[in-house]
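S.K.: For reference, Swiss-Prot lists these features for the protein:
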- Gln36, Leu37, Arg38, Met39, Lys40, Asn68, Ser106, Lys135: 4-amino-2-methyl-5-(diphosphooxymethyl)pyrimidine binding site (BINDING)
- Asp69, Asp88: Mg(2+) binding site (BINDING)
Amino acid sequence: MKFKDKLKFYVITDSNYSDEVISVEEALKGGASSIQLRMKTSSTRKMIEVGNKLRKLTSEYDALFFVNDRLDVAQAVNADGIHVGIDDMPISKIKEIAPNLIIGASAYNTDEMKTAEMGGADYLGVGAVYSTNTKLDARNLGLDGLKNISKIASIPIVAIGGINHLNVENVLECGVSGVAVVSAIVGAENILKSAENMNELIKKYIK
């Protein structure tokens, strides 16, 4: 299976909603195919401790494992990849240090998309499609903006931002390779059931 095929159901951790290890295990049971560890305010030691546990779980479920922003942590826990924003370490530098990592890059518009593609990103995290409580400073792109980027991007696109069970089909109709979700899964009362339901919706569009 190509890495692109595992981007379809991409879950991002958020300890404000639930414990990373517990929520990830439930999400994986429910069909999540990629996991991203995002711990913006935690110590490096704590990130590595949690990251090692998530690496074990994702390996058991044959899912991809990404670390947000931190190349050192990604390498320490043997992650499959790293996801970076426009202000994080340049993609070219990451490729120089860790050529085997899958690199995802955030993009809000076509300029950021082109910069990421030229830098050597392997996939794009495009959004925020809708307003989101998990990233209050995110700029809203909307479905039209997502469609425009999807049409011209040369690498896989994972849509992100405010995606839930009620709007995910509208997002998938834009031709993306996958959807990234936070609160709709890790903030759910029943994470397993929520993940199973989301997976069924995604499978209508991406086999």
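Glycine residues also receive a Cβ, built from the backbone N, Cα and C atoms like all the rest.
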S.K.: When the Cα-Cα distance from Asp88 (Mg(2+) binding site) is computed for each of the binding-site residues Gln36, Met39, Lys40, Ser106, which gives the smallest value?
M.R.: Ser106
S.K.: How many Å lie between the Cα of Lys40 (4-amino-2-methyl-5-(diphosphooxymethyl)pyrimidine binding site) and the Cα of Asp69 (Mg(2+) binding site)?
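M.R.: Here the two Cα atoms lie 9 Å apart.
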S.K.: For Lys40 (4-amino-2-methyl-5-(diphosphooxymethyl)pyrimidine binding site), which of the three DSSP-derived states applies: helix, strand, or coil?
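M.R.: Looking at the DSSP assignment, Lys40 (4-amino-2-methyl-5-(diphosphooxymethyl)pyrimidine binding site) belongs to neither helix nor strand, so coil.
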S.K.: Give the residue from the binding-site residues Leu37, Met39 that has the most other Cβ atoms within 10 Å of its Cβ, counting over every protein chain displayed.
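M.R.: The residue with the densest Cβ neighbourhood is Leu37.
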S.K.: How many whole Å apart are the CA atoms of Arg38 (4-amino-2-methyl-5-(diphosphooxymethyl)pyrimidine binding site) and Asp69 (Mg(2+) binding site)?
M.R.: 8
S.K.: Roughly how many angstrom lie between the C-alpha atoms of Ser106 (4-amino-2-methyl-5-(diphosphooxymethyl)pyrimidine binding site) and Asp69 (Mg(2+) binding site)?
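M.R.: That separation, Cα to Cα, works out to 11 Å.
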